[in-house]
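Here is the structure we will look at, set down as structure tokens.
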Protein chains: 2
Amino acid sequence: MHSEFDLIRRFFTHPAPGTVLGVGDDAALMRAAPGHELAVSTDMLVGGQHFFLDTDPEKLGHKALAVNLSDMAAMGARPRWALLALALPEPDEAWLSAFARGFMALAAEFHVDLVGGDTTRGPLSLCVTVLGEVPEGKALRRDGAREGDDVWVSGSVGDAALALAHLKRQAVLEPADAAWCLSRLDAPTPRVALGVALRGIAHAAIDVSDGLAADLGHILERSKVGAIVELSRLPRSAVLERLADRKLATTCMLAGGDDYELLFTAPAGVRQVIEDLGREQGLRVTRIGRVTAGAGLTVLGEDGAPMVLERTGFDHFR
Amino acid sequence: MHSEFDLIRRFFTHPAPGTVLGVGDDAALMRAAPGHELAVSTDMLVGGQHFFLDTDPEKLGHKALAVNLSDMAAMGARPRWALLALALPEPDEAWLSAFARGFMALAAEFHVDLVGGDTTRGPLSLCVTVLGEVPEGKALRRDGAREGDDVWVSGSVGDAALALAHLKRQAVLEPADAAWCLSRLDAPTPRVALGVALRGIAHAAIDVSDGLAADLGHILERSKVGAIVELSRLPRSAVLERLADRKLATTCMLAGGDDYELLFTAPAGVRQVIEDLGREQGLRVTRIGRVTAGAGLTVLGEDGAPMVLERTGFDHFR
């Protein structure tokens, strides 16, 4: 059996070119670029709660980092450093090697240095902390939405929730469709380039992790405004469009989390700028509604009438 | 039952005066002081592994932060911000309230802002990330020890291990002695002021978390040097001094972790400076040996002969 120290060294010690001092001391040391603020977020993923215990460890490694990079994207921050704490029932080398492969590949893609970590024995769980940089005063916060703003979302929504419904046998999908949705659930793409490009353009942003309605609700609450969103405008994948169970499709789009798309508000004057951005980045951006005075979210159904929202998002303690 | 969002808000949202944006967005935002590097460390504490499941939550809150502040101390960094991820089997309000009390009291004492967090359902475990600042190039690293340096340690060593031995009924202590040792185990004092004062004075530093021999071993390995330490010089509490079982006393001092004292090396020319520092801070600092050429740690026993070290520290996967 390998020791804790060996495990860290073997699987998680990589060159950290953007770091003063990486893994192996009491703390990592790094220098933020002058004139920049640091953005920091932390997420804990518990086996059996946030992922199945038999999840492919390489995919889990990807996802554990991806959800944190998505938080950086939602702030308009460029991710630079990550720390990983890992509890494992046994020091399983094959598992760790695959996990590290998924985690480090995504880190390399986004030029993120893994600078610190902790491995310990325990029920399988992960805690990832990511640090990023954003020019002073330019972060995309949740509290900046203003009456009259458009509400936008990137990509398509509901695919990850549909994959979950498929896994729970609540939806029947063709194999190819299931595979596609599962890739959205297992390997979300953090929208970092979009977040960075939206600095100075968007008024507020969040990533869709709890579900579109719940996450938009967070923006509205923090910004002290309301919003109207039209169900018919929500961007949906061909797979979700084909789904016969339209009630499930609607639930996935409005209440399904785990899509990790960017949901943001911006003034009407920059519509063309945002459309152009999406085109440049090869990423669909869709205007789904507008910010209003008052409070709360109104969703207009396919018939144009306000819907009653029963389940507004994922909450680990409900 | 309260929701995840309520829990964070109720127990962990405090003013964060040294922070641009605290709890409640996708990430926290902070500004490092000009000319400073950031020090960052993360630690995961798993219930049943690192602490007993029935540990007093207020003490656990203190300790979860203290061990991370100790990492900052060992870098000579001043801690400024913390993030807390918490998995709980049930959202137990009394438990959370007590945990938050212990955590936030220590945070306030050290002027540390809690800037982010995550609570989720799962087997009890905690992941704390702390960020601190240190002037560029002034951090106390593990790799700076040089031949001829003195080896120093703050406070006394072995008390926390003796408390553990008491809890496991491997040692019999008077009630007052047991209470004192338990306070060392449950409520370690991070030596932040000492770490900060040792900038530019110490060549290398680490905190005693795995055991004195193991932690000194980390410095020696990273610095590519050896060391000789004299058992008779190790600073011990009156309780440990009184212990009839001298074999256990020696094991506690050399191999017992969890003391969170600072272990550091410094050139002989600054002996008086370090003695004066200890006096100013009301903290014992003891010279226990010296750094040598070569590799590895030699401990000279009470009889002056080299000891055979069997168990050199705590490793979560051995």
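Yeah, the Cβs are placed from backbone N, Cα and C, and that goes for glycine too.
In TrEMBL, annotation is done automatically, which means it is predicted and not curated.
Keep in mind the model is a prediction, meaning the values are calculated, not measured.
Copied from TrEMBL, the annotated features are:
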- B:Asp26, B:Asp71, B:Asp207: Mg(2+) 3 binding site (BINDING)
- B:Asp26, B:Ser41, B:Asp71: Mg(2+) 4 binding site (BINDING)
- B:Thr42, B:Asp43, B:Asp118: Mg(2+) 1 binding site (BINDING)
- B:Asp43, B:Asp71: Mg(2+) 2 binding site (BINDING)
- B:His50, B:Asp258, B:Phe314: substrate binding site (BINDING)
- B:Gly117, B:Asp118, B:Arg142, B:Ser209: ATP binding site (BINDING)
- B:Asp210: Mg(2+) 5 binding site (BINDING)
- B:24-134: domain 'PurM-like N-terminal' (DOMAIN)
- B:147-299: domain 'PurM-like C-terminal' (DOMAIN)
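TrEMBL feature annotations superimposed on the structure.
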{"residue": "B:Ser41", "record": "Mg(2+) 4 binding site", "Cβ contacts under 8 Å, 6 or more apart": "B:Asn68, B:Asp71, B:Met72, B:Thr129, B:Val130"}
{"residue": "B:His50", "record": "substrate binding site", "Cβ contacts under 8 Å, 6 or more apart": "none"}
{"residue": "B:Asp118", "record": "Mg(2+) 1 binding site", "Cβ contacts under 8 Å, 6 or more apart": "B:Leu84, B:Ala85, B:Leu86"}
{"residue": "B:Arg142", "record": "ATP binding site", "Cβ contacts under 8 Å, 6 or more apart": "B:Ala204, B:Ala205, B:Ile206, B:His218, B:Ile219, B:Arg222, B:Ser223"}
{"residue": "B:Asp207", "record": "Mg(2+) 3 binding site", "Cβ contacts under 8 Å, 6 or more apart": "B:Ser70, B:Asp71, B:Ala73, B:Ala74, B:Arg191, B:Asp215, B:Tyr260, B:Glu261, B:Leu262, B:Leu263"}
{"residue": "B:Asp258", "record": "substrate binding site", "Cβ contacts under 8 Å, 6 or more apart": "B:Ala160, B:Ala161, B:Leu164, B:Leu185, B:Pro188, B:Ser209"}
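In sequence order, B:His50, B:Gly117, B:Arg142 are the binding-site residues among B:His50, B:Gly117, B:Arg142, B:Ser209 whose C-beta falls under 8 Å from a C-beta of chain A.
Here the candidates are the binding-site residues B:Asp26, B:Thr42, B:Asp43, B:Gly117, and by Cα distance the one nearest B:Asp210 (Mg(2+) 5 binding site) turns out to be B:Asp43. Of all the binding-site residues listed here (B:Asp26, B:Thr42, B:Asp43), B:Asp26 has the Cα closest to the Cα of B:Gly117 (ATP binding site). For the binding-site residues B:Asp26, B:Asp43, B:Asp210, the ranking by surrounding Cβ atoms (within 10 Å, all protein chains) places B:Asp26 first. Its own atom aside, the Cβ of B:Thr42 (Mg(2+) 1 binding site) has 27 Cβ atoms within 10 angstroms in the protein chains shown. Put simply, B:Asp43 (Mg(2+) 1 binding site) is 21 Å from B:Asp26 (Mg(2+) 3 binding site) when counted between their Cα atoms. Mapped onto DSSP helix, strand and coil, the domain 'PurM-like N-terminal' (B:24-134) counts 36 helix, 46 strand, 29 coil. Summarising the environment of B:Asp71 (Mg(2+) 3 binding site), the number of other Cβ atoms within 10 Å of its Cβ, over all protein chains shown, is 28.
For B:Ser209 (ATP binding site), the number of other Cβ atoms no farther than 10 Å from its own Cβ, over all displayed protein chains, is 23.
Counting every protein chain shown, the number of other Cβ atoms lying within 10 Å of the Cβ of B:Gly117 (ATP binding site) is 26.
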